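Below is one structure. I have some questions about it.
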Amino acid sequence: MAATAAWARVRIAPRGRDGLPGLRVGLSLTLAWLGALVVLPLAALLARPWAEGVGSGLAAFGHMLHDGRMLAALRVSFVSALVAAAADLPPGVVIAWALARGDIPGRRVIDALIELPFALPTAVVGITMATLYGPHGWIGGPLARLGLKVAFTPAGIVVALMFVGLPFVVRTVAPVLRALPREAEEAARTLGATRAQVIARVIVPALYPALLTAFAMAFARGVGEYGSVIFIAGNQPYHTEIAPLLIVIRLQEYDTRGASLIGVVLVAVALASLGGIAWLRRRVARGGAGGGV
């Protein structure tokens, strides 16, 4: 009886709809923390060009449209990130397949190496790339004898961005391959489909949403990449100068508005690409659900 009375006096914590105690408080704290870490800095960046008035901000944007160096840096960043993200898809899918479905020796080592671009400081990546692909490097030397130059060219930027973007492709595609049901593949083989036909008509269509997400993440990462690029790019204005580097240069010149304008463009393009890919994913998912397997 005493134990029953004591239990009756215990105050039950308020629960949310899913039965978690203190859900509303925890969610409120999480949203506040997210706002302080993400939303507030973005809002400050977006507001900086208009700090001296709307007219002044519009004039600054108009000046940016006629700044050849800034436009060239934006073009280098966007085109390089686009090419690198697209180039990461084939090897990323192959590695994801090997990790998810392959039975190869050293799979755990490969799985650990995929995390290396996440763990290494970007400056270390840049120095390593410049050493390997330089005129006297292990890779750059033989290429130079063939008349091919990678370091200090746009190709070097793409190589660096491929290195930092590859894990996004592998880590996005591999879980989907693991979760992909084998019944459709077995049914296709039963109906006489070859292995290539099964991959092209069954597996690849099921991977479309994951591939779109992987591409968007690699592209968004590449647009804002700085440390791994500046050592191998050469940083020549109008040729290999990237937008993040130009932001640093503008800040060193005490041109905070110019730096903010470049940052606004980078953020806008990254958000637009992520939003566009999310929209395409929904379209692909609805199409797949409507069309069946």
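Glycine is treated like the rest: Cβ placed from N, Cα and C.
Found this in TrEMBL, in case it helps:
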- 74-275: domain 'ABC transmembrane type-1' (DOMAIN)
- 25-47: transmembrane segment (TRANSMEM)
- 78-100: transmembrane segment (TRANSMEM)
- 112-134: transmembrane segment (TRANSMEM)
- 154-177: transmembrane segment (TRANSMEM)
- 198-220: transmembrane segment (TRANSMEM)
- 259-280: transmembrane segment (TRANSMEM)
When each of 25-47, 78-100, 198-220 is checked against the transmembrane segment (259-280) for Cβ pairs under 8 Å, which one has the most?
198-220
Grab the same-chain neighbours of the transmembrane segment (198-220) for me: Cβ-Cβ under 8 Å, and only residues 6 or more beyond its ends, written as numbers and ranges.
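Counting only partners 6 or more residues beyond its ends, the transmembrane segment (198-220) has Cβ contacts under 8 Å with 81-82, 84-86, 88-89, 92-93, 161, 165-166, 168-169, 172-173, 176-177, 180, 184-185, 188-189, 270, 273-274, 276-278, 280-281, 284-285, 288, 293.
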Who are the chain neighbours of the transmembrane segment (25-47) in space, where the CB to CB distance is under 8 Å and they lie at least 6 residues beyond its ends?
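Result: 260, 263-264, 267.
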Quickly jot the same-chain residues contacting the transmembrane segment (154-177) by Cβ under 8 Å, restricted to those at least six beyond its ends, or write none.
76, 79-81, 83-85, 87-89, 91-93, 95-97, 99-101, 114-115, 117-118, 122, 125-126, 129-130, 133, 203, 206-207, 209-211, 213-215, 217-219, 221-222, 225, 228-229, 232-234, 239-240, 242
